[in-house]
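Per Swiss-Prot, region 'Essential for glycoprotein binding' is recorded for 115-151. According to Swiss-Prot, the feature motif 'PPXY motif' maps to 35-38, an assignment based on sequence analysis.
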Amino acid sequence: MNFLKKMIKSCKDEETQKYPSASAPPDDDDIWMPPPEYVPLTQVKGKASVRNFCISGEVKICSPNGYSFKILRHILKSFDNVYSGNRRMIGLVKVVIGLVLSGSPVPEGMNWVYKLRRTLIFQWAESHGPLEGEELEYSQEITWDDEAEFVGLQIRVSARQCHIQGRLWCINMNSRACQLWADMILQTQQSPDDENTSLLLE
(Lines of atoms letter the chains of each structure in order from A and count residues from 1; the text may use other names and numbers.)
(Lines give C-alpha, C1' and ligand atoms only; values in the text may rest on other atoms or scores of the structure.)
Protein backbone atom coordinates (compact mmCIF):
# COMPACT_ATOMS: atom_id res chain seq x y z
CA MET A 1 0.00 0.00 0.00
CA ASN A 2 1.35 3.37 -0.96
CA PHE A 3 1.97 5.68 1.92
CA LEU A 4 3.66 8.95 2.70
CA LYS A 5 5.94 9.65 5.57
CA LYS A 6 8.77 11.89 6.55
CA MET A 7 11.92 9.82 6.60
CA ILE A 8 15.57 10.20 7.43
CA LYS A 9 16.39 8.43 4.16
CA SER A 10 18.07 10.75 1.68
CA CYS A 11 19.97 10.67 -1.61
CA LYS A 12 23.46 9.92 -0.34
CA ASP A 13 26.74 9.50 -2.15
CA GLU A 14 26.64 5.72 -1.97
CA GLU A 15 23.27 5.72 -3.72
CA THR A 16 24.75 7.90 -6.45
CA GLN A 17 27.48 5.32 -6.95
CA LYS A 18 24.96 2.52 -7.08
CA TYR A 19 22.89 4.33 -9.69
CA PRO A 20 25.32 6.45 -11.74
CA SER A 21 22.78 7.40 -14.41
CA ALA A 22 20.23 10.12 -13.78
CA SER A 23 16.62 9.03 -13.83
CA ALA A 24 14.40 10.26 -16.61
CA PRO A 25 12.46 13.49 -16.10
CA PRO A 26 8.66 13.27 -15.98
CA ASP A 27 7.21 11.82 -19.15
CA ASP A 28 3.78 12.53 -20.57
CA ASP A 29 1.97 9.99 -18.42
CA ASP A 30 -0.32 12.79 -17.32
CA ILE A 31 -1.46 16.13 -18.69
CA TRP A 32 1.58 18.32 -19.33
CA MET A 33 0.62 21.97 -19.18
CA PRO A 34 2.64 25.13 -19.82
CA PRO A 35 3.88 27.03 -16.77
CA PRO A 36 1.55 29.69 -15.33
CA GLU A 37 1.79 33.25 -16.51
CA TYR A 38 2.82 36.13 -14.30
CA VAL A 39 0.71 39.28 -14.26
CA PRO A 40 2.60 42.59 -13.83
CA LEU A 41 1.47 44.65 -10.88
CA THR A 42 -0.66 47.60 -11.93
CA GLN A 43 -2.82 48.32 -8.91
CA VAL A 44 -3.57 46.57 -5.66
CA LYS A 45 -7.12 47.08 -4.48
CA GLY A 46 -8.89 46.51 -1.20
CA LYS A 47 -7.70 45.98 2.34
CA ALA A 48 -5.90 42.71 1.80
CA SER A 49 -2.55 42.16 3.43
CA VAL A 50 -0.05 42.71 0.62
CA ARG A 51 3.56 41.58 0.87
CA ASN A 52 6.49 41.61 -1.56
CA PHE A 53 8.73 38.58 -1.13
CA CYS A 54 12.11 37.80 -2.65
CA ILE A 55 11.78 34.08 -3.24
CA SER A 56 14.35 31.35 -3.68
CA GLY A 57 12.82 27.93 -4.17
CA GLU A 58 14.29 24.54 -4.99
CA VAL A 59 12.86 21.04 -5.29
CA LYS A 60 15.35 18.22 -5.74
CA ILE A 61 13.88 14.90 -6.81
CA CYS A 62 15.78 11.75 -5.90
CA SER A 63 14.59 8.68 -7.76
CA PRO A 64 16.87 5.81 -8.81
CA ASN A 65 14.19 4.36 -11.10
CA GLY A 66 12.70 7.51 -12.60
CA TYR A 67 9.63 9.45 -11.59
CA SER A 68 6.45 10.80 -13.10
CA PHE A 69 4.19 13.79 -12.68
CA LYS A 70 1.55 11.45 -11.25
CA ILE A 71 3.89 10.41 -8.44
CA LEU A 72 4.76 14.04 -7.65
CA ARG A 73 1.06 14.87 -7.45
CA HIS A 74 0.43 11.83 -5.25
CA ILE A 75 3.18 12.87 -2.84
CA LEU A 76 1.97 16.46 -2.59
CA LYS A 77 -1.64 15.47 -1.86
CA SER A 78 -0.59 14.89 1.76
CA PHE A 79 1.41 18.11 2.01
CA ASP A 80 -0.75 19.64 4.76
CA ASN A 81 -0.11 16.64 7.00
CA VAL A 82 3.67 16.58 6.62
CA TYR A 83 4.53 20.30 6.31
CA SER A 84 6.96 21.24 9.09
CA GLY A 85 7.43 24.96 8.44
CA ASN A 86 5.76 28.15 9.65
CA ARG A 87 2.00 27.59 9.33
CA ARG A 88 1.39 31.28 8.62
CA MET A 89 3.36 30.87 5.41
CA ILE A 90 2.16 27.48 4.19
CA GLY A 91 0.17 29.14 1.39
CA LEU A 92 3.28 30.91 0.14
CA VAL A 93 5.22 27.63 0.22
CA LYS A 94 2.52 25.85 -1.80
CA VAL A 95 2.56 28.59 -4.42
CA VAL A 96 6.34 28.43 -4.69
CA ILE A 97 6.40 24.62 -4.97
CA GLY A 98 3.83 24.76 -7.77
CA LEU A 99 5.80 27.40 -9.65
CA VAL A 100 9.11 25.60 -9.12
CA LEU A 101 7.80 22.29 -10.45
CA SER A 102 6.36 24.06 -13.49
CA GLY A 103 9.86 24.85 -14.68
CA SER A 104 12.42 22.67 -16.40
CA PRO A 105 14.51 20.25 -14.33
CA VAL A 106 18.30 20.14 -14.44
CA PRO A 107 20.00 16.75 -13.99
CA GLU A 108 22.37 16.49 -11.04
CA GLY A 109 23.77 12.99 -10.66
CA MET A 110 20.83 10.73 -9.90
CA ASN A 111 18.70 13.75 -9.03
CA TRP A 112 16.61 16.22 -10.97
CA VAL A 113 16.62 19.78 -9.65
CA TYR A 114 13.97 22.44 -10.19
CA LYS A 115 14.80 26.02 -9.15
CA LEU A 116 13.02 29.37 -9.00
CA ARG A 117 14.20 32.86 -8.08
CA ARG A 118 11.56 35.57 -8.29
CA THR A 119 10.17 38.56 -6.51
CA LEU A 120 6.47 37.86 -6.08
CA ILE A 121 3.57 39.75 -4.59
CA PHE A 122 1.30 37.83 -2.27
CA GLN A 123 -2.08 39.02 -1.02
CA TRP A 124 -3.65 37.49 2.05
CA ALA A 125 -7.17 37.94 3.31
CA GLU A 126 -7.38 39.91 6.55
CA SER A 127 -6.06 38.07 9.64
CA HIS A 128 -4.15 35.60 7.44
CA GLY A 129 -0.55 35.35 6.34
CA PRO A 130 2.83 36.22 7.89
CA LEU A 131 3.56 38.97 10.35
CA GLU A 132 5.14 42.22 9.25
CA GLY A 133 8.82 41.61 8.52
CA GLU A 134 8.51 37.85 9.02
CA GLU A 135 10.86 35.69 6.94
CA LEU A 136 10.95 32.01 6.10
CA GLU A 137 13.74 29.45 5.79
CA TYR A 138 12.03 26.15 5.11
CA SER A 139 13.72 22.85 4.33
CA GLN A 140 12.15 19.41 4.38
CA GLU A 141 12.38 16.00 2.76
CA ILE A 142 9.21 14.14 1.86
CA THR A 143 9.40 10.62 0.50
CA TRP A 144 7.20 8.10 -1.25
CA ASP A 145 8.21 4.48 -0.79
CA ASP A 146 6.20 1.35 -1.54
CA GLU A 147 9.16 -1.06 -1.11
CA ALA A 148 9.45 -1.39 -4.89
CA GLU A 149 10.01 2.25 -5.73
CA PHE A 150 11.45 5.25 -3.93
CA VAL A 151 10.97 8.93 -4.73
CA GLY A 152 12.26 11.64 -2.42
CA LEU A 153 11.50 15.35 -2.63
CA GLN A 154 14.00 17.69 -0.97
CA ILE A 155 12.21 21.03 -0.71
CA ARG A 156 13.85 24.34 0.18
CA VAL A 157 12.07 27.68 0.22
CA SER A 158 13.60 30.96 1.33
CA ALA A 159 11.33 34.00 1.51
CA ARG A 160 12.17 37.45 2.79
CA GLN A 161 10.11 40.58 2.56
CA CYS A 162 11.74 43.08 0.23
CA HIS A 163 11.02 46.38 -1.46
CA ILE A 164 11.79 45.27 -5.00
CA GLN A 165 8.64 45.53 -7.08
CA GLY A 166 7.44 42.01 -7.74
CA ARG A 167 4.87 40.29 -9.86
CA LEU A 168 1.52 38.84 -8.95
CA TRP A 169 1.18 35.11 -9.41
CA CYS A 170 -2.10 34.11 -10.98
CA ILE A 171 -4.01 30.88 -11.22
CA ASN A 172 -4.11 29.87 -14.87
CA MET A 173 -6.53 26.95 -14.91
CA ASN A 174 -4.58 25.32 -17.74
CA SER A 175 -1.27 25.26 -15.89
CA ARG A 176 0.62 22.42 -14.28
CA ALA A 177 1.08 24.63 -11.21
CA CYS A 178 -2.68 24.89 -10.83
CA GLN A 179 -2.96 21.10 -10.78
CA LEU A 180 -0.31 20.93 -8.06
CA TRP A 181 -2.04 23.69 -6.06
CA ALA A 182 -5.30 21.75 -6.30
CA ASP A 183 -3.52 18.62 -5.04
CA MET A 184 -2.03 20.54 -2.11
CA ILE A 185 -5.46 22.08 -1.41
CA LEU A 186 -4.23 25.66 -1.66
CA GLN A 187 -6.85 27.77 0.11
CA THR A 188 -7.80 30.96 -1.73
CA GLN A 189 -10.80 33.19 -2.19
CA GLN A 190 -11.71 35.75 -4.82
CA SER A 191 -10.98 39.30 -3.76
CA PRO A 192 -14.19 41.25 -3.09
CA ASP A 193 -12.56 44.25 -4.77
CA ASP A 194 -11.07 42.63 -7.86
CA GLU A 195 -12.52 39.57 -9.60
CA ASN A 196 -9.14 38.82 -11.19
CA THR A 197 -7.29 38.58 -7.88
CA SER A 198 -7.12 35.61 -5.52
CA LEU A 199 -6.42 36.14 -1.83
CA LEU A 200 -4.59 33.53 0.20
CA LEU A 201 -6.34 32.11 3.24
CA GLU A 202 -3.29 30.34 4.63
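The backbone N, Cα and C atoms fix where each Cβ goes, and this holds for glycine too.
Summarised by DSSP class, the composition of the region 'Essential for glycoprotein binding' (115-151) is 0 helix, 22 strand, 15 coil. Per-residue pLDDT, averaged over the motif 'PPXY motif' (35-38), rounds to 42.
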